[in-house]
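Peer 1: Have a look at this one.
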Number of protein chains: 4
Amino acid sequence: MSAPKKVVLAYSGGLDTSIILKWLQTEYGCEVVTFTADLGQGEELDPARQKAELLGIKPENIFIEDLREEFVRDFVFPMFRANAVYEGLYLLGTSIARPLISQRLIEIAEATGADAVAHGATGKGNDQVRFELSAYALNPEIKVIAPWREWDLTSRTKLLEFAEAHQIPIAKDKRGEAPFSVDANLLHTSSEGKVLEDPAVEAPEYVYQRTDHPENAPDSPEYIEIGFEKGDAVSINGEAMSPATILTQLNEYGRKHGIGRLDFVENRFVGMKSRGIYETPGGDILLEAHRGIEQITLDSGAGHLKDSIMPRYAELIYNGFWFSPEREMLQALIDKSQEHVTGTVRLKLYKGSARTVGRWSPNSLYSEAHVTFEEDAGAYDQTDAAGFIQLNALRLKLIAQRNKRVSGK
Amino acid sequence: MSAPKKVVLAYSGGLDTSIILKWLQTEYGCEVVTFTADLGQGEELDPARQKAELLGIKPENIFIEDLREEFVRDFVFPMFRANAVYEGLYLLGTSIARPLISQRLIEIAEATGADAVAHGATGKGNDQVRFELSAYALNPEIKVIAPWREWDLTSRTKLLEFAEAHQIPIAKDKRGEAPFSVDANLLHTSSEGKVLEDPAVEAPEYVYQRTDHPENAPDSPEYIEIGFEKGDAVSINGEAMSPATILTQLNEYGRKHGIGRLDFVENRFVGMKSRGIYETPGGDILLEAHRGIEQITLDSGAGHLKDSIMPRYAELIYNGFWFSPEREMLQALIDKSQEHVTGTVRLKLYKGSARTVGRWSPNSLYSEAHVTFEEDAGAYDQTDAAGFIQLNALRLKLIAQRNKRVSGK
Amino acid sequence: MSAPKKVVLAYSGGLDTSIILKWLQTEYGCEVVTFTADLGQGEELDPARQKAELLGIKPENIFIEDLREEFVRDFVFPMFRANAVYEGLYLLGTSIARPLISQRLIEIAEATGADAVAHGATGKGNDQVRFELSAYALNPEIKVIAPWREWDLTSRTKLLEFAEAHQIPIAKDKRGEAPFSVDANLLHTSSEGKVLEDPAVEAPEYVYQRTDHPENAPDSPEYIEIGFEKGDAVSINGEAMSPATILTQLNEYGRKHGIGRLDFVENRFVGMKSRGIYETPGGDILLEAHRGIEQITLDSGAGHLKDSIMPRYAELIYNGFWFSPEREMLQALIDKSQEHVTGTVRLKLYKGSARTVGRWSPNSLYSEAHVTFEEDAGAYDQTDAAGFIQLNALRLKLIAQRNKRVSGK
Amino acid sequence: MSAPKKVVLAYSGGLDTSIILKWLQTEYGCEVVTFTADLGQGEELDPARQKAELLGIKPENIFIEDLREEFVRDFVFPMFRANAVYEGLYLLGTSIARPLISQRLIEIAEATGADAVAHGATGKGNDQVRFELSAYALNPEIKVIAPWREWDLTSRTKLLEFAEAHQIPIAKDKRGEAPFSVDANLLHTSSEGKVLEDPAVEAPEYVYQRTDHPENAPDSPEYIEIGFEKGDAVSINGEAMSPATILTQLNEYGRKHGIGRLDFVENRFVGMKSRGIYETPGGDILLEAHRGIEQITLDSGAGHLKDSIMPRYAELIYNGFWFSPEREMLQALIDKSQEHVTGTVRLKLYKGSARTVGRWSPNSLYSEAHVTFEEDAGAYDQTDAAGFIQLNALRLKLIAQRNKRVSGK
């Protein structure tokens, strides 16, 4: 790879990406463009601009964008249509944000004539894979710089020395090492590393930043109603809202009731296991609600097919293949299934859990006429069941006869 | 089908199966053998014996058996090795009990020279299918009698008239109709019908019989530790127990903390949707714990394969195909995966939920040496990730180049 | 089911459906509408009109249609996009024709105000299921009459007596029983029953009606080139043609070279095994060619996903679920994959087989620059493979270390 | 990686691996152990011994083994139980040989105290991955040396210079470059590269080394009968034979009749497409025969499950994951299915194709009593089909009613 001339850096404004910024300038002598996105991580973006300027970035090279609506509408919601969970439990909160960041990095690179992008993910994790697969899928000629895999700043001390040597301001609380590492966006907050590295030991309460302790949650349940159209949430308690507003509000409900905590050991794409604490307050509620509305609007053929391909879909997103033909093919299948997933779900929120307690829809496939224990006025002929069972049993009978014949019994 | 001469009836001792007993005698003039099993449904079995005798069944034709250990060891535990859930949420508590009952019906039929078996499931539900597929798979020549599909006792009034006409005792509380229908065993209690038929309306609290209301659960959490060997639970808090004892104890923990409630609309195999309230107190805890121990003992290849076939496995059990070649093939796959699923999980029980907070195992695949944020002494070479990403990206780059070329951009 | 008033009958003009026609009139006293379609079965349609008139059908109730283009364009081609084969070998020639016939039956019923449709499939086969599932999916209120499951004309003798009693003309060669039963359309000819019922015995040569004996095929190979656009064949040897024309021509190539014969034992949806002789001359060539063009235009992610869902897709079509949400979902996935499946395949036809020997495409993903054994000018960095392998191996190493630790070796 | 001290080299005796041998000695100054296996590639092994001695390998460090029986019995046959084909067409002839070679390399390393193994696969192909994943899975501490990824002998000229400088004999026909590259074993011969690199151009006839041209094959067909037990071939024409003998004989039948040629563009695991010519004469016959015997001995539940997981199983073998938990889990599933796959298949071999024309088995599930067009003496009740269809249609009707209601039509 020839040396980059102009690099778009995914820049948070924090110490680590500021060091990267400076390192790119000094190591490659290249022009740096910063890109800072509001994905709902809950941090001010203004300081990032000031800091970038302080580090010598030209104003026209500073990109700061609020991507919350795009994030929820084009990434989170399509994923939730699939009820995607990785390894049975993880709602993919970090995974789903990476493709959008890469997409904007590439777009900004094209707009500014940059020949490279850079990110602050380490060489051990999944995020480097997600950033880079997305970048290459969108621009096969782009250079990707991953400083953590390249440089020799391999200890906290060296990083701080580099920062000091290059006049990078260091906040007081960044002098020591953080007791764990955090990633956050509108969908979730993840924490991992350091105090969390022994999976046998319960995570300390101070790790949880996004949800109140269920024990401190209100002592009485709260009910909410989420409206859906074609598989996407469109309202809360009857009030129509934008995608990001809905997720923001659900986060607030979840936070209050201690919903969405997960202590999890997962398999990284790069081959090792890691332990994380995830908080997905709004996401947990949304998943439960989406399943609730599908219960009455999807038939078994559609639902079972979705269930059977979901693990693969989730794995693709986890591994960073959002921009791949197979993810798009699966999305086509999933979206096709959601045409009638419209209606309302009533949920009960209480002490750490969100449970569906009612659901209704103009598109409902639930037929009280068929299922009733009462007289059904001919909707269903019970004698049909006899033939149904006989033909389903036929092959099993033939097997049993064969086995008897073969065993001579 | 020629008329049966001797029928083994799955007999609960309740009013409905007593009416069936009598109806079989009068309709077919056949000898009736009763089979009553303790699967942990929480009812005394002695009354069933007395009632059978009262209805004229010969003592040698009355079979009463405690199958709890067999049920958990040979059916529940193998199923939990798969983390089986139907349609994302249902733990298959009713489905998994049917094959065992059918198996014993067939064995008793063979032992007593009976040519038929009979059950009390209706023509609208899944249980008729499960009973009969299992029966035919085990004995392809057996006759199966399903009175609810045959007789004309199609209203409560007619049933009571028949009972009175045949001196069948009717408990006072059975005069009126039950507000919903219940099935129970050691794994779960399900309730459906009548007051539950509108899926938009929250189920009344009195429907829940197996779990305390989470709001009434203890205000402080309780911790327990479940030990596993080769995928099966073998101890609680360090004390070794038999399978049924473990499930019984977990049920008690679950009951106390309000764990395992589910309000669910499902797709029946016979083609309609139905709404049920399920309570699976011990099962919910066990599933969470099993996932917890798999997190550190299964690698991603094994775990993802299991996840991808699970929906099909669960569907087979739901639909009644326990005794089918494909269920046995999937079981072989699942059991193979469990050889190293040994260790201990620590769970926190609180107000309706059971969450894994720690897990450890002599067979753990979790490597702190690899995952650590600290210096890893060469366990992992971060530059490997660059090559890993490049080759994973290669096809995506080729696609992007092709698309550029084709679109002429 | 109340008695039908007006019935649309799938009418071939042959003896059996003529008897059905008369039986419907006499049994139900209902008005009969006949529908005869040209799906490429190679029979004149005019006699069907004359015979229907002879049997008293009003001219406005006689529908005769050439559906060959619709058949190939809307059913055969979409299915071939999936490379669908049932149980590894069968190209679904009969299965794929049924939904179209049902669709037209329902449309004609709606146009003529009929309340029922009728078909001539027996109660043992798959076709009854396919006809009826399609009919019910398109019109849930329609009545379906399947005379073979209802009447008592259970022997050849009774059928002939009925025909004679009702002045139905009987061709001389229909007096005796046919030595096997045949179904044909533009995609295939299937033969089964009677002389074919012992699967151990080779089918006599006279069963094959659609293909020349490979031993009689030309002694020198013939080359053809098939052009594709978005997954569908659009030309042969550079000449653009309509879908039905292409399949007709490929059939002629296949017939001449003895291509597409299959002796097969399959699992029917109704639970039994049956043995059939299938001839799919053009279909075999088309499948080979479609695979050939996909080889260079689909990447592995898309191709492997298609391969993994294909068996389910084929099973759905075989079982009669063309008009089901899950088939439509899978079709959306498949169609999405075909956007770049454009190009040309060169095939060699010889003595029973069609083999791809060359393929090229403006959309090709094949990169000689990458794969070459020669110097590749930096297209591919071989050292990337080391990192790729290391990270793919990481979990396997962790397993091996665990196993060593556990076994104490 | 520290420098290896003693290396076991997969040594063919040819020029390339002889250069590697010398390079290992000179580059690392390490002791070299050679391992040469007869996997049926059709080359003498004695010259390999002589050449190794000539290059200074100590006699106790020269391992030459006939692994043909082990290869077929423990690798080829288990794979054929799955009917494994990669990307629809490739029988995995190269892929399946690699794990066995790696296994012996590791065993010899342990027996001789070697700390490394080496292979002659390049950095662009799949074989490096297969060799190394297998090696690491069997010994996580082993070092693997892949000279083609390390050295600077990047042109034919440099290689020959190195050979001359180190007194490595060069056969006259190795002076020039081969027009394509070949790999062979008892299952297949593959050819790729150079003259085959343009996938649009038909492969020249001289590439085919293992099969006669179908046009030169006998003008009359030949019939053979293959006997199976539990899924494995055990006899030809009634004569019991060992696994390797059976495959050897089938290869001879295939060679003679021009069977098993494939011109194929595949997706390599490392991300690029490549074009190969494969000849699998015996394998093609065996696959056809195995499918034939499964047709009557596997029921649809077992068969369809096998079909649905086959692509994943084949991909695992192709990608080099033979020694992985997920391959072993799938093998457990597949082997479970084969318990009754016993019987005989009759095949017709003619001009490039092998077709099943008859099959019989003591374990057959084919029931002429059920399928017959004749009177079936009550084996099957056609009215059962009505109920079967009604309940399968129920959900489709509910969907249609919903859609009508929603669309207001």
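Cβ atoms here come from the backbone N, Cα and C positions, even for glycine.
Keep in mind that TrEMBL annotations are predicted by a computer and have not been checked by a curator.
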Peer 1: Out of B:A37, B:A82, B:A84, which is the one TrEMBL records at the ATP site of B:A10, B:Y11, B:S12, B:G13, B:G14, B:L15, B:D16, B:T17, B:S18, B:G120?
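Peer 2: My reading of TrEMBL gives B:A37 as the candidate in that site.
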Peer 1: Quick one: which residues besides B:T122, B:N126, B:D127 have a Cβ within 8 Å of the L-aspartate site's Cβ centroid, in sequence order?
Peer 2: B:A121, B:K124, B:G125, B:Q128, B:V129, B:R130
Peer 1: Please give me the CB contact count at 10 A for B:S95 (L-citrulline binding site), counting all chains in the structure.
Peer 2: 29
Peer 1: Pop the mean pLDDT for the domain 'Arginosuccinate synthase-like N-terminal' (B:6-169) in here, whole number is fine.
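Peer 2: That region's mean pLDDT is 96.
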Peer 1: Using a Cβ cut-off of under 8 Å to chain A, which of the binding-site residues B:A10, B:T122, B:R130, B:S181, B:S190 qualify?
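Peer 2: The binding-site residues close to chain A are B:T122, B:S181.
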Peer 1: With Cβ-Cβ distance below 8 Å and at least 6 positions apart along the chain, what are the contacts of B:S12 (ATP binding site)? List them in sequence order.
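Peer 2: Listed in sequence order, they are B:T36, B:E43, B:A48, B:G120.
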Peer 1: At a 10 A cut-off on CB-CB distances, which of the binding-site residues B:G14, B:G120 has the highest count?
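Peer 2: Per the Cβ count, the most surrounded site is B:G120.
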Peer 1: For the ATP site as recorded (B:A10, B:Y11, B:S12, B:G13, B:G14, B:L15, B:D16, B:T17, B:S18, B:A37, B:G120), determine the largest distance between any two Cα atoms, in Å, rounded to the nearest integer.
Peer 2: 16
Peer 1: Closest of the binding-site residues to B:E266 (L-citrulline binding site), Cα to Cα, picking from B:A10, B:S18, B:T122?
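Peer 2: Result for B:E266 (L-citrulline binding site): the nearest of the binding-site residues is B:T122.
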Peer 1: Looking at the binding-site residues B:S18, B:N126, B:S181, B:S190, which sits with the largest number of other Cβ atoms within 10 Å of its Cβ?
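Peer 2: Selected residue: B:S18.
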Peer 1: Determine, to the nearest whole angstrom, how far the Cα atom of B:R130 (L-citrulline binding site) is from the Cα atom of B:T122 (L-aspartate binding site).
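Peer 2: Checking the Cα atoms of B:R130 (L-citrulline binding site) and B:T122 (L-aspartate binding site) gives a distance of 12 Å.
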Peer 1: Relative to the Cβ of B:Y90 (L-citrulline binding site), which residues of the same chain, six or more apart in sequence, are found under 8 Å away?
Peer 2: B:L262, B:F264, B:E266, B:G276, B:Y278, B:Y318
Peer 1: Looking at the binding-site residues B:E266, B:Y278, which sits with the largest number of other Cβ atoms within 10 Å of its Cβ?
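Peer 2: Of the binding-site residues B:E266, B:Y278, the highest Cβ count within 10 Å belongs to B:Y278.
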